[in-house]
Protein chains: 4
Amino acid sequence: MKHARPLPNYLLQRYHGWKATSFAENRSWYRKLADEGQRPRAMVISCCDSRVHVTSIFGADSGEFFIHRNIANLVPPYEPDGDHHGTSAAVEYAVTVLKVSHLLVLGHSQCGGVKGCLDMCKGDAPELEVKESFVGRWMDILKPKYDKVADLPDNVAQERALEKEAVLTSLDNLMSFPFVEERVASGELGLHGLWTDIGEGGLQVYDPARGEFLAV
Amino acid sequence: MKHARPLPNYLLQRYHGWKATSFAENRSWYRKLADEGQRPRAMVISCCDSRVHVTSIFGADSGEFFIHRNIANLVPPYEPDGDHHGTSAAVEYAVTVLKVSHLLVLGHSQCGGVKGCLDMCKGDAPELEVKESFVGRWMDILKPKYDKVADLPDNVAQERALEKEAVLTSLDNLMSFPFVEERVASGELGLHGLWTDIGEGGLQVYDPARGEFLAV
Amino acid sequence: MKHARPLPNYLLQRYHGWKATSFAENRSWYRKLADEGQRPRAMVISCCDSRVHVTSIFGADSGEFFIHRNIANLVPPYEPDGDHHGTSAAVEYAVTVLKVSHLLVLGHSQCGGVKGCLDMCKGDAPELEVKESFVGRWMDILKPKYDKVADLPDNVAQERALEKEAVLTSLDNLMSFPFVEERVASGELGLHGLWTDIGEGGLQVYDPARGEFLAV
Amino acid sequence: MKHARPLPNYLLQRYHGWKATSFAENRSWYRKLADEGQRPRAMVISCCDSRVHVTSIFGADSGEFFIHRNIANLVPPYEPDGDHHGTSAAVEYAVTVLKVSHLLVLGHSQCGGVKGCLDMCKGDAPELEVKESFVGRWMDILKPKYDKVADLPDNVAQERALEKEAVLTSLDNLMSFPFVEERVASGELGLHGLWTDIGEGGLQVYDPARGEFLAV
């Protein structure tokens, strides 16, 4: 690997700052986490988006959340075909090895992946429709939900609605994994659908009784 | 989606606390991030492990890092076969849409995924060898590197070494993506290989001249 | 005291969140509690165990319960020998100064202190038998009850039974305090024996007529 | 134990409410805590006072804090004399068995125990001076600190100052336990001195460099 470069200096400086302060003050906890292993209460599936930080929103301590982040917080359906499935591997590890009690899917406003999906569904993003587009093929997971939002009056309303459909799609697909389904049925695992508004700092939770996301 | 449940109460309370403090104090920045979109300087690929928080280590602000997290911070090779590839989609989005300047791969000590791979290579984890094991199939990406660590004296040394090989494997595979390769060649994009020791808070950076990870 | 360290940052953030929400919304009640003093209706004696929260189980408001927590929710017998007796001091203050109406002793399943006592009685915990073991000497309070559970078929049954004997021991010892005995006799003070099952969320109350703990 | 009474009805009702809501939503986590045991990050030593709730202030989840509560959050000095020492037993269990990373001592304003100590030191509380007074003998732990506050202008200032001296006394006495001292020296255990103002919801942390408690 001859292409690797040194770390940008500003990151190096910040690392040394963290080491001398936050790490130093909590070294026994980090030591313990290393020696005894992690035991997170929940797995969170959220977006790669740089504006979404589930540990901040929920004041999480190191060791609390097992976090998978991908484009648009999507979980593909159960496909045990022997190929590489990063998201499915993360879910499998959290549920069957770590035995987390909660599985949170956290969607968010202004999601670029969801917007791309919407554009693609409207025929406005031919670059995402080619076979070679990884983003396009990834957003195919969400595409069938376009019908549910197509009649909304404008693009903004459609985006917000499709972002929430992404969360519901992931929850539905999670239930297609046998090890998730059986633990949900037995009460060992709880599924939770969340959506956060970046600009407003709002949080909505899906309520199956009402069939909609409600502000907390 | 009838299986979703309400949020645990302690998380609700913490959320309201975050909203009233951290969010309130930075509301204009969050507003701006929502209105103008994200513009992260770097993408980070790190592990789902609950003990690894790249935003803490590097004191990152909201909006700074586009973060993909999967088991063992692995990037699979370029395979534009039309299937769902979550990691490849995240890389494509970061490099071609967000045009990040840096791509950091951050490995870590005590990685459960890497340990599983090692066990599998030694024949000690038959459950990971079945076709249906998503974790097993995901760790296949790293398996060829077993030869490089097999002669090390003990399990601990082999794990630490294989964790670092995971980082190098990801960097090598990143170079197999045409859009990465050309931007690295032109100098638009820098690749960085990192490894952190959870218990010690240490950080090592891969130095291609020396062919090894060096403590910063 | 040169050894004190700053508070971990995640606790600081959570504190600020609490201050801005729960505290802010109830500021007049806290002000009143500070100005007029506490007036709790009941004292609760429960275990230090991190999984037992009497305020959650009983939806208690700030100011409702005067709570003493020690290993295995034990009350030692009345010994006015001039030494430091933290539990007896707490009982004395609750009964004679605050004049609480109820005294609840709350035991629980999976109690590490009770398990230690059982191990010690069986000769399996020599480290608890040395004079210097504070846990061992504290569990001596419960030791005489081993005879009552020794014939039960297995360790689990013995632990559950000894946990309940710990509650009864505390109630018996409470009656050895003259100021408790006279108020119980006059009807001013009610004693209550409780035991909760952590995993099942169950609650049992001691029924003197039946001579056993009954699920509520 | 013939004196035990049924649970007051309002508590019974609240328990059933908790069971049907909070417990039901988190049953898998409680199940896990029961099956795998507790692994708290910190021990907290706070007062029995009904107005002090460390889990609220710090948004703590079930399983996070091992909590000992006694009058005035006092730790007596190390005295391995074979007698019952409830506080010392709790500290021993937290540090040597649970191996917590942090030990927080949390004092508070309007502390009745500290006020009693002050009254006793001024000769205004003869009832606390008799050998039989458990509260008096317990507060003897703090008595030597009276000299440090005696010159303050009024009772209120003296109370606030003595409440903070109680925290420092506990921290000093904690260091007299060999198993605490050695873990503090090695960095495995961090000590923290805190004081909260009930009416204002304030929090102060002891800063050894400044030799005083500072608002966070």
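From the backbone N, Cα and C atoms, a Cβ is placed for every residue, glycine too.
Per TrEMBL, the feature Zn(2+) binding site maps to D:Cys47, D:Asp49, D:His108, D:Cys111.
The Zn(2+) site, placed at the center of the C-beta atoms of D:Cys47, D:Asp49, D:His108, D:Cys111, has further neighbours from the same chain whose C-beta lies within 8 angstroms: D:Ser46, D:Cys48, D:Arg51, D:Val52, D:Ala72, D:Asn73, D:Gly107, D:Ser109, D:Gln110, D:Gly112, D:Gly113, D:Val114, D:Glu163, D:Ile198. Considering other CB atoms within 10 Å as the measure, the emptiest surroundings among the binding-site residues D:Cys47, D:Cys111 are those of D:Cys111. In this entry, nothing among the binding-site residues D:Cys47, D:His108, D:Cys111 has a C-beta under 8 A from a C-beta of chain C.
In this structure, D:Cys47 (Zn(2+) binding site) is part of a beta strand by DSSP. D:Asp49 (Zn(2+) binding site): 27 other CB atoms within 10 A of its CB, across all protein chains.
For the recorded site, D:Cys111 (Zn(2+) binding site), the DSSP three-state label reads coil. Long-range Cβ neighbours of D:His108 (Zn(2+) binding site) (same chain, at least 6 residues apart, Cβ-Cβ under 8 Å): D:Ser46, D:Cys47, D:Asp49, D:Arg51, D:Val52, D:Asn73, D:Glu163, D:Trp195, D:Thr196, D:Asp197, D:Ile198.
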